[in-house]
Amino acid sequence: MASEQQLSAIKGAKVLMVGAGGIGCELLKTLALSGFQDIHIIDMDTIEVSNLNRQFLFRKSHVGLSKAKVARDAVLRFRPHISITPYHANVKDSDFNVDFFKQFNVVLNGLDNLDARRHVNRLCLAGGVPLIESGTTGFLGQVTVHIKGKTECYECQPKPAPKSYPVCTITSTPSKFVHCIVWAKDLLFAKLFGDKNQDNDLNVRSSDATSSSEHAEDVFERKKDEVIEQYGRKIYDHVFGYNIEVALSNEETWKNRARPKPLYIRDVLPIELIQQNGNADKSFVADDSSSVSAMASLGLKNPQDIWSLRENSRVFFEALRLFFVKREKEIGNLSFDKDDQLAVEFVTAAANIRAASFGIPLHSLFEAKGIAGNIVHAVATTNAIIAGLIVIEAIKVLQDDANNYRMTYCLEHPSRKMLLMPVEPFEPNKSCYVCSETPLLLEVNTSRSKLSDFIEKIVKAKLGMSFPLVMHGSALLYEVGDDLEEDMVANYEANLEKVLSQLPSPVSGGTILTVEDLQQELSCNINIKHSDGEVAGVGCQVPDARTEKPLGEGWQLEDFDEEKEPDGMVLSGWTKEKDKTTSTENGASTSNASEAVSLETKEDSDIEIVPTGIESVTTGKKRKLPEMSDATIPDSSKNELHEIDDDDDGDDLFMLDDGDSDGSKKKRLQ
């Protein structure tokens, strides 16, 4: 039972929830049942069918409606006397500014992406409002408390940007199945069914003047009198055969790599089988385009089976045929959707055929869908546990019970019969550029990089600023706003196209730029260090993954590594050199338990997949771990405990440890 003091704090609190998905539904229910009287919810999403298996406030009749509004109505049915205010909107909208946040006693996050989390963190810091973060993925989860000036903020430990792979790795030298998925999804699928005019490296043409006319033209253009089977064979032979032969012609590339094998349809699938495609299941009928399936047409039942090369080839042809027969009107405007069964089947088959060519193990459709859609399947029980922990921490915050704040991790395979691992929060990281205003360092070629590159790839993508202002001393280089005069807007647009060294106030090595976001009330200084490091182009030679040289420690950088810094800019400075080990009083190491990174998806990125392996820094006050020397925690490529995102959009996260994710691996605290 709650004490009188706790009940008083609960009833008098005004709470803001951000996110009404997997965690949010459980959280709203738990807040209402715990006695909270004034709750506000922000969520921009609408309900999807895939949400219904774990977001229990929603029903099938609610599909397409606002999550925030439906969640409110559902809870008011059993708690009609409390106040719940829903906002069907983006938390980054200008209406939700610092003054809006200041009215709340505590903010509870149940978000599914890094950008929104950083935005909320900054508004809470600016308004002095306590923030409780949370996340779940599968059986793992965690809750963290962030109080300005008392604990680390959400950004005190650096979060990884989505992993991006150089185009040359994807198109020429794949070494992991994820490379094949990215190729099939973002290049082949997009080229065949998206905008035909987009330029990508699938249009490999021989430079030999005597080359056949078949490869001197755009093979992706289907001729008027060309039957689907003939068109499919042409595409298959081009991307899996001819393109591989062109890549093999560069002997230098394959000195330290296994050579791929060109695959032509005549060697894989007899022509009569191609013509029989779709006749395996005579009873299959699909008038509804959303239910069209190559697997059903071919009589393939189990999505967890790993298809042979021949089966993948049949699925490839059948999926291609069905797109043209059943969904021809959509061709030219399609983009990959993990909930599009036919698209997933096509991408799985294409990725597996490419994997077979490069000697990479094949994967099932179930596994391929997980990689392509960044999926980790959500568990409702984990969401419920995390929601309960959020409320417990919220009550502590409302009572200002700082000595008992805990960051709590929910573990998949507990030892000593412990499900939860509580850890004392850190003090603020003195090197954090968000809450400690520490300058950053940007290594960049100032003679080549434009101001637009700096703003899009650094200020917006890496620093998470939405409405940036850039200054060099007293000179204003860039600003956004509705109240700007036309001549100012023209000047700023002209600046965007200039390289840094040719701006009206030139930027060179030693320059200090000030970047501000007025909405977030955030300002930071960036020290510019000029570097002549070259970035390899599209036809680059990518070093073997087993031997590639990592970025140097501290401020040292020999050359830009396109695999790690494809934008040719290296931003650093809010982390110091990584501590080897941080010991606690009981002898346990916090190097695993305290290093948290986030998983997030980026829907509109180019060629990206999300990694979990990144090194972060332990600073400030040491966390105290319970007596659990035999405890186990999830392992990653860097032996860290991941910070996990709520799977809010219907299973849209995938945990990737450099291609070798293994949920059964554990790392002991020693």
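Quick reminder: no glycine exception, Cβ is built from N, Cα and C everywhere.
Copied over from TrEMBL:
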ACT_SITE  CYS168  active site, glycyl thioester intermediate
BINDING   19-24, ASP43, 51-54, LYS67, 112-117  ATP binding site
BINDING   CYS153, CYS156, CYS432, CYS435  Zn(2+) binding site
COMPBIAS  556-565  compositional bias 'Acidic residues'
COMPBIAS  583-595  compositional bias 'Polar residues'
COMPBIAS  643-661  compositional bias 'Acidic residues'
DOMAIN    3-433  domain 'THIF-type NAD/FAD binding fold'
DOMAIN    329-369  domain 'Ubiquitin-activating enzyme SCCH'
DOMAIN    442-532  domain 'Ubiquitin/SUMO-activating enzyme ubiquitin-like'
REGION    546-670  region 'Disordered'
Zn(2+) site shell beyond CYS153, CYS156, CYS432, CYS435, criterion: Cβ within 8 Å of Cβ centroid: LEU125, GLU152, TYR154, GLU155, PRO428, ASN429, VAL434, SER436
Other CB atoms, at most 10 A from the CB of GLY22 (ATP binding site): 33
C-alpha spacing of CYS153 (Zn(2+) binding site) relative to ASP43 (ATP binding site), in angstrom: 22
Lowest local Cβ density among ASP43, ASP112, ASP115, which the record lists as binding-site residues, within 10 Å: ASP115
CYS153 (Zn(2+) binding site) and the residue listed as 'active site, glycyl thioester intermediate', distance between Cα atoms, whole Å: 38
Rounded to the nearest Å - Cα separation of GLY19 (ATP binding site) and CYS153 (Zn(2+) binding site): 19
ASN53 (ATP binding site) and CYS435 (Zn(2+) binding site), Cα-Cα, nearest whole angstrom: 39
Integer Å distance between the CA atoms belonging to CYS153 (Zn(2+) binding site) and GLY22 (ATP binding site): 24
Other CB atoms within 10 A, centred on CYS435 (Zn(2+) binding site): 22
Recorded positions (CYS153, CYS156, CYS168, CYS432), the one with most neighbouring Cβ atoms at 10 Å: CYS156
Position of peak Cβ density within 10 Å, selected from the binding-site residues GLY19, ASN53: GLY19
CYS153 (Zn(2+) binding site) versus ASN53 (ATP binding site) - Cα distance in angstrom: 33
Alpha-carbon spacing, CYS432 (Zn(2+) binding site) to ASP115 (ATP binding site), which is rounded to whole Å: 17
